[in-house]
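Feature list (source: TrEMBL):
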type     : residues               : note
ACT_SITE : Cys124                 : active site, proton donor
BINDING  : Lys26, Asn27           : phosphoenolpyruvate binding site
BINDING  : Arg100, Asp314, Val336 : UDP-N-acetyl-alpha-D-glucosamine binding site
DOMAIN   : 10-431                 : domain 'Enolpyruvate transferase'
MOD_RES  : Cys124                 : 2-(S-cysteinyl)pyruvic acid O-phosphothioketal
Amino acid sequence: MNDALSTFSVRGGRPLKGEITVRGAKNLVSKAMVAALLGEGPSVLRSVPDIRDVQIVGELLKVHGVKIERDVVGGVIRMDPSNVEKAHVVDIDAHAGSSRIPILFCGPLLHRLGEAIIPDLGGCRIGDRPINYHLDVLRNFGAVVDKRELGIYITAPNGLKGTKIHLEYPSVGATEQVLLTAVRAEGVTELTNAAVEPEIEDLIAVLQKMGAIISLQTDRTITIEGVERLGGYEHVALPDRIEAASWACAALVTQGDVFVRGASQKEMATFLNIFRKVGGGMDITEAGIRFFHPGTPLKAIAVETDVHPGFMTDWQQPLVVALTQAEGISIVHETVYENRLGFTEALNDMGARIQVYRECLGGSRCRFGRRNFNHSAVISGPKDLHGAEITVPDLRGGFSYLIAALGAEGVSKIHGIDLIDRGYESFREKLTALGAEFWED
Ligand SMILES: CC(=O)N[C@H]1[C@@H](OP(=O)(O)OP(=O)(O)OC[C@H]2O[C@@H](n3ccc(=O)[nH]c3=O)[C@H](O)[C@@H]2O)O[C@H](CO)[C@@H](O)[C@@H]1O
Ligand SMILES: C=C(OP(=O)(O)O)C(=O)O
């Protein structure tokens, strides 16, 4: 175990009961903040959660001259990009490895400054996570990409021009790259096989408020007519459907009853279907969703992760913990990331029975079939979980360990808990509100 990591101890066995609130989605807020860079006037974003990714993007905006005012408690961030300027390489490099968002600064910085320097990316290590689509997209618009020792240096000597782009896979980040570049490129851009996640639709709404002209067809085609200028925006971020689903799984595993204020049915429809099939109870209201264990045995299921409107990959890890409590054999086929099942090893140390396979099990053949990636899991349940000493591997894996520890008999020691702050606002306070017993060493 790494002693340098902060340690969080949890005594499991108490049902989580009560109410918590989710605010804006990590995967929209950070991108809407980047979009503010494109405007000539200030932008105001509301329902901003207090998570580390927001802080990191805020700092990156600041080093580029954006004036930021933030009301952390009220969840409001005001960004004034009137004086965007070149940042010092050392200031940019200070953010190397911290998040995946810097790659999305390319289009806005090229439009504003004619060049962009992008540090090495961070984010969860759940696969190789290449950026080839991003760089191809930028080259398509006419950008010149130069890989240097301290990151990537991008210029657009002849400006950025609208183009036709087809994505080999509907990547969320690459779709956002196209949007954030095309809105001010000269002429029309047509993107086919685009990702259509709710966070992307919300980013389109933000850009439209700024003056962009974007249409989204039902066949994953997005057309963007470039405009010369964009203004600021005022926007309320859509709620975080990943955080909401994570608390739903925590309610199930601990035999609890949690009202997640802010959870929205529309963006969670696919998760809600699976939660119901597993046997979870729910009451859907306008204000939020109550998730509870109905007292009857949970049922095993087969599920595969997919791009929207499929079952989201970021829901997979919390759901796997819930499936350790279901009666029978569940199958989970991870088709978005090749390496997102490593976290199951520690669950097995806690008493779960999960076997991982290279084959595509229980669903269609995916990009990872017949390759050396353990991307299918077979979960036999129900199994009583017991406390263990575990280290957080990534954001969702970390929250999943927390769920397992809350549902386990005895005390678990979780190392590296701070990683969870990247995407779960005030999770310690929320755990306290729900009656969990934990302490930090
Ligand atoms: C900050 C953020 O919004 N993160 C989300 C975003 O990540 P992110 O935008 O990084 O995820 P992508 O949709 O781009 O990745 C999907 C797949 O495409 C591959 N790929 C992607 C880009 C590329 O240039 N080349 C390539 O091969 C990836 O390795 C992965 O296998 O969408 C993922 C899929 O819903 C979510 O899990 C992440 O929470
Ligand atoms: C994979 C995730 O995020 P990121 O892309 O920021 O690593 C996540 O939120 O689960």
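Each Cβ is built from the backbone N, Cα and C atoms, and glycine gets one as well.
Mean pLDDT of the predicted structure over the domain 'Enolpyruvate transferase' (10-431): 96. Under a cutoff of 8 A between CB atoms, and with a sequence separation of 6+ in the same chain, the neighbours of Cys124 (active site, proton donor) are Asp394, Leu395, Arg396, Gly397. Counting Cβ atoms from all protein chains shown, Val336 (UDP-N-acetyl-alpha-D-glucosamine binding site) has 24 others lying within 10 Å of its own Cβ. Cβ atoms within 8 Å of the centroid of the Cβ atoms of Arg100, Asp314, Val336 (the UDP-N-acetyl-alpha-D-glucosamine site) belong to the same-chain residues Asn27, Gly123, Cys124, Ile126, Val172, Thr313, Tyr337, site residues excluded.
Local packing around the binding-site residues Lys26, Arg100 was summarised as the count of other Cβ atoms within 10 Å of each Cβ; on this measure the leading residue is Lys26. Checking the recorded positions Lys26, Asn27, Cys124 for a CB within less than 6 Å of any atom of ligand 1 leaves Asn27, listed in sequence order. Under the DSSP three-state reduction, the residue listed as 'active site, proton donor' is assigned to coil, being neither helix nor strand. Calculated from their C-alpha atoms, the gap between Val336 (UDP-N-acetyl-alpha-D-glucosamine binding site) and Asn27 (phosphoenolpyruvate binding site) amounts to 16 Å. According to DSSP, Asn27 (phosphoenolpyruvate binding site) is assigned to a helical segment. You'll find the Cα of Asp314 (UDP-N-acetyl-alpha-D-glucosamine binding site) roughly 11 Å from the Cα of Asn27 (phosphoenolpyruvate binding site). For the pair Lys26 (phosphoenolpyruvate binding site) and Arg100 (UDP-N-acetyl-alpha-D-glucosamine binding site), the Cα-Cα distance reads 12 Å. Secondary structure at Asp314 (UDP-N-acetyl-alpha-D-glucosamine binding site), as computed by DSSP, is helix. Counting every protein chain shown, the number of other Cβ atoms lying within 10 Å of the Cβ of Asn27 (phosphoenolpyruvate binding site) is 27.
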